[in-house]
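Trainee: Starting off with a structure, shown below.
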């Protein structure tokens, strides 16, 4: 029995010695020094090692002075608003025309759409359309007197004047912000580049118009940055031989000339642009845009007259669909 105990003792003895040696080595390691807590002085060091009390809720006076010396970022200049006046009237292609125009306007920053119906009241079609268009807009209406609806007479006169009256009334009692007025008929096609060009208008700017006057395009003739004439296929003797889609006017000019409107009496067909521009500017003051009037950025496309010869008169569809 004793031999068995001695045998087991000698077997365990080396392991016991190893454990004792390891414990002895671990206890001889120096203890890590205690890290003192940081001390925040309630004073700042000034000139001559003077102790200055810190203000509550803020840095030292010297830090404030350094921060104040940094240049502050300047606010970006406000983008001029483009006011687009669009006369419109009820017809089979009206919603299609307005949809195309709205798709363009949605991509133009800082644009306000003034849509003026030739009607005694606002139509449900246009009201619903504007509500869903997602554009800053104003919906007006004014009917054209029956005596002015004869063929050959100027069109959309009352509607454009209603848009001008709304603009002047809106800015009557407040300081006018930078803005540009543009007459955007709903049967035209507009390049987005055109709106970038017109936004810098100082007084009255002009540019070419495509597919108008029986030609591929009409444009102002420019020499040394000044308009000197007109490339046109119809009545080149007009004071401003230009299409309604070929110019923009500064909002300040509109407000400074409250009597400038489109005239009915004495105005001949095709002369509305000249009659209006004569009231606010001269040819010498015109600002050529679109690379000195050498680029076409708007087209007088006009939707093809629809063929409704097979539209039924009696057996109508049971579902009423707005087109």
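Every residue gets a Cβ built from N, Cα and C, even glycine.
According to TrEMBL, the protein has these features:
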type     : residues                                                : note
ACT_SITE : 273                                                     : active site, proton donor/acceptor
BINDING  : 87, 88, 89, 118, 155, 160, 185, 186, 187, 300, 301, 302 : UDP-alpha-D-glucuronate binding site
BINDING  : 187                                                     : Mn(2+) binding site
CARBOHYD : 292                                                     : N-linked glycosylation site
REGION   : 51-80                                                   : region 'Disordered'
SITE     : 218                                                     : site 'Interaction with galactose moiety of substrate glycoprotein'
SITE     : 310                                                     : site 'Interaction with galactose moiety of substrate glycoprotein'
TRANSMEM : 6-25                                                    : transmembrane segment
Trainee: Quick one, of the recorded positions 185, 187, 218, 273, which Cβ has the fewest other Cβ within 10 Å?
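Mentor: Relative to the other recorded positions in 185, 187, 218, 273, 187 has the fewest Cβ atoms within 10 Å.
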Trainee: If you count CB neighbours within 10 Å, which one among the recorded positions 292, 301, 310 has the smallest count?
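Mentor: Minimum Cβ neighbour count within 10 Å, taken over the recorded positions 292, 301, 310, occurs at 310.
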Trainee: Can you tell which of the recorded positions 218, 273, 292, 310 lies nearest to residue 185 (UDP-alpha-D-glucuronate binding site) in space, using Cα positions?
Mentor: 273
Trainee: Per the record, UDP-alpha-D-glucuronate is bound by 87, 88, 89, 118, 155, 160, 185, 186, 187, 300, 301, 302: how many Å separate the farthest pair of Cα atoms?
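Mentor: About 21 Å separates the two most distant Cα atoms.
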Trainee: Just to verify a number: CA distance, residue 155 (UDP-alpha-D-glucuronate binding site) to the residue listed as 'active site, proton donor/acceptor', in angstrom, no decimals.
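Mentor: One finds 12 Å between the Cα atoms of these residues.
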Trainee: Compile a sequence-ordered list of residues in the same chain as residue 87 (UDP-alpha-D-glucuronate binding site), six or more apart from it, whose Cβ lies below 8 A from its Cβ; state 'none' when nothing qualifies.
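Mentor: Expected: 116, 118, 155, 156, 159, 160, 163, 185, 186.
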Trainee: Measuring Cα to Cα, how many angstrom lie between the residue listed as 'active site, proton donor/acceptor' and residue 218 (site 'Interaction with galactose moiety of substrate glycoprotein')?
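Mentor: A Cα-Cα distance of 14 Å.
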Trainee: Measuring CB to CB from residue 89 (UDP-alpha-D-glucuronate binding site), give everything in the same chain under 8 Å that is also at least six residues away in sequence.
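Mentor: 117, 118, 119 - these are the non-local Cβ neighbours of residue 89 (UDP-alpha-D-glucuronate binding site), listed in sequence order.
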